[in-house]
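Colleague: As listed in TrEMBL for this protein:
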| type | residues | note |
| --- | --- | --- |
| DOMAIN | 51-373 | domain 'ABC transmembrane type-1' |
| DOMAIN | 408-644 | domain 'ABC transporter' |
| DOMAIN | 721-1008 | domain 'ABC transmembrane type-1' |
| DOMAIN | 1043-1281 | domain 'ABC transporter' |
| TRANSMEM | 48-74 | transmembrane segment |
| TRANSMEM | 130-154 | transmembrane segment |
| TRANSMEM | 205-225 | transmembrane segment |
| TRANSMEM | 231-252 | transmembrane segment |
| TRANSMEM | 315-333 | transmembrane segment |
| TRANSMEM | 717-740 | transmembrane segment |
| TRANSMEM | 760-786 | transmembrane segment |
| TRANSMEM | 867-888 | transmembrane segment |
| TRANSMEM | 946-965 | transmembrane segment |
| TRANSMEM | 977-996 | transmembrane segment |
């Protein structure tokens, strides 16, 4: 009977076959990596564990075929008994000496002149069989425990090693390698790919061995029992194999395409959510939702095709299986009746032996798939592990000079970035930098200044030529030592998510607190740090997000100074600062420059006039060299730059051209964020505490009611109805099978042979009918549910994405709603919800009809036996549940534990340049390895528990057989129950049991689906604090653009205890220009964000044309505003599409685009590009220089034709030449519009109608330039000597 269980134990087996072969075919195509590659990291101890585990699995596999032998003997016993009972019904016969005699004493002979055996002690026989079963069951319990335990623990140990080795290797790679491998991809590899390897080397292997062993032994049992029948059954199986192969390739292809399309959609979502401020400002929400949906549609079609193919195939498979039954029983019964080669028992034994073998081959196949994906993953992982870095930062080789002077020379250096080998950045550059002098590099952006600095740090090696330090080629020097000589302050400093003191300590391990304080004093950071509540223990937030640009810069300078470097590289180190901080930082830098070789890159020429040597760059070459005065006389590059910058007022105030501070690496938020999240930069304690509080409720969301999930699937109800119909038919197939099977056994006990033949032919015909029916119903179920499920997933993803875009900006400030987290939620939640509907419903309907029909049959034929077997059902069910629960339970713990390690790795990879510059790779590696300990310990613990559960669930079924057949024997002998009913009842109940188990194994999916759905609905139901809908709020026709801020108070929602605006009162009339000036963190950018309604003021009002802003329709208001910010966010599409982004309500013609581009002084540059306006700007505009991005952003704002123009330090990121052009573009754009300008560079705003000087969130004085100069107040001080505003 077990056998029967086997056939139906897993309908999935069928899918398994398909998949297996699929993966097999895939694998043939990827025989890339040798088979044992995954085990590279196994020690001898692991190998021993795996071998012993493998042996246990072999033994375990032999148990089921062994049981068939018992089963065959049992069947024969039952048949003999039944014949005896039928003969003895004749009162003239009696049983003597185990043969039947007539009463008169002559021996009874059948028509074929044979005597009839009698005297079967059915109960004694059954007791013996029961003991056999119990013995086998106990054996299975023990070996299956060891099989799992050994494999799982060995895998855990190897994976631990792989993780460590892989991360360590990545941290050794040169920077060029990171240019070509995205951080996101590496993070996925660390988490997912290594998990795939884990799946390929853990318990899957032992289960694979066990199934293959069942396959071998099953065939052996078959051949021993009767080779003719075995061969007939085997002859049919290629039909299954061929189809599986075809389908496999198709499914693999389609899955690939589907994933590609989803990946595209995910990339769109990620890009949009990362630049949510820009999307909101330009009203691009609907456009983005459509763009996202377009990619989903493509994925959906592939998904439906896949479902259909699987449906057809499963139908075909079941169809073949039932035809196979018909053939085998028909031929087998011939062998039993006509040639007497087989007994009924050996017929059963052969047939089920072969069937079990085939089934197990099928079930072995999902394992093959795991191996294939594990091997593919191993290939990429080990490929990286084996790659030798071109510049190995951990290597001990290379000289360390005893004494360093600090002379640096470039000899004919040509260089390009590995990611863009066709663009030469440096072109035959030769120059020398003398020790102890300050050398300044100037030149337009993109001329190669920053690249030279990266060559000195040896982030890259030059293509041709050499870079030398004190006459030694730096390639011959020890890297760690070389980098320890260099202190670098970049224009976009990266801080790590830890305290200020720790960040400074990164510069030099083991420094004392005194040294740190000294360094912060030199960097003019000491005072602001002491103002923070936790002083040096203040957390700076992810990527330093809690600090303003100037504060981050000063911490970075302190970090560079603490190393007491021989060589100081300043890459626009003061660019992100306002005048007052800049003056102080500049002074600090001048102090520390003495006696060191210093290289300074600046766009602000005033900061470098007193440099010892100034080198002018153009097109990757050093074109001129000399002091300030010499170069002015030469009238070359430098002269042009200086004169451009000096056409303003006195050049001392000539602020600011910087490539402005960029926040955190990947986060290309608008710069306003950098400020905004950082006023006075207190990362309140709340930052460290609140998330913990908040996450609490977030984790345990009440699971969503199924009804609501189904509501979203409403439009697909016809599909779901059809699918359920198919599923119901499929469910009733198994119970029908139980009836037919036991009926065949019953026919063997009919004394009349002709009647036997007729009955058997009838039954075989019924099998054929069932075969055809199941083909259609399987297809129906597969197709209908694939269609409804894919449609639902797409609908939910789109709804979820739209819901995210509807939220107010403050919602995105919450760290839990970071772009990464949201993208993942879109990807996983929606597909999980599909788990509660669609195919899931099919499974449930299938299981229910299955269970229902089986019980009706069983109770009808023998309610007593049914009750006995039912005692075991809970155990069989439980064992299924156990297995499911166990795995999911552990997965969650593992994920949690791995998260800590994941944070370390993602922070390290995102900031790899900074880490390399500080030569800090090893400390990150250590911290990562330390975080891996916990998951490792829990994995080892899991091995035991998993083993026990597995053993228990494997042996329950044997115990159930022992009890039920023993009791069945009793019923047959004492109550005269027909033996075929015993088989019928047992097979029906066992089938329903496995169906139960199957249904229960879906419970985790189902529960997950409900929680995922709840998360999802929580998002859909959230009412944004600021409504984005087109209908809410006021609109009016003549929008003039008059703005008043009346007593506005404001704090950021994530940092409620820091008052950013404090009674702000300022107004601007239509067509006027209002300029905000003030030190960083005084609330300038915040006021702009209130105007855009990214936030609403806590108290006070913002009036627009006299309407309070919180009553104005948001899309209407934003459509009147154009914004150009310091770090413009561009989307990964063409230049034309980026400019079109300015207007998302209607389409923008090419003429308008060109017109706007001309106004923004962009047109000429675009025409020099090979693809003109179709040029792709790259992710976040990475293919363009800052100035080019800025002009595209201006064109984008101009195309909107806004009434209000917001310029948030729009020119600060440019060098002098680009700045002049952009400034004139902006002056052009300001005409006839209300304009609000935020600037650090005072020269750019002297023409403003109103200049408002801000400090600590209020306006301390306002007026025109002349009025304020006459007042001799804060503004006058700022202009004349950049004094602090207090």
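Every residue gets a Cβ built from N, Cα and C, even glycine.
Automated prediction, rather than curation, is the source of TrEMBL annotations.
Structural setting of the listed features?
Modeller: Sequence-distant contacts of the transmembrane segment (130-154), counting only residues of its own chain at least 6 positions beyond either end whose CB sits under 8 Å from a CB of the stretch, comprise 42, 46, 49-50, 52-54, 56-57, 59-60, 63, 66-67, 70, 201-203, 205-206, 209-210, 939-940, 942-944, 946-948, 950-952, 954-959, 961-963, 965-966.
Residues 14, 17-18, 229, 232-233, 236, 239-240, 243-244, 342, 347, 350-351, 733, 737, 740, 744, 747-748, 756-757, 760-761, 763-765, 767-768, 770-772, 774-779, 782 of the same chain lie 6+ residues outside the transmembrane segment (315-333) yet bring a C-beta within less than 8 angstroms of a C-beta in it.
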Colleague: Establish whether the number of Cβ pairs under 8 Å between the transmembrane segment (48-74) and the transmembrane segment (977-996) reaches at least three, counting only pairs separated by 6 or more residues.
Modeller: no
Colleague: How does the model score the domain 'ABC transporter' (1043-1281) in terms of mean pLDDT?
Modeller: 78
Colleague: In the same chain, which residue numbers or ranges, 6 or more beyond the ends of the transmembrane segment (717-740), come under 8 angstroms Cβ to Cβ?
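Modeller: Distal contacts: 4, 7-8, 11, 318, 322, 325, 763, 766-767, 770, 773-774, 776-785, 787-788, 837-838, 841-843, 845-850, 853-854, 857, 984, 987-988, 991-992, 995.
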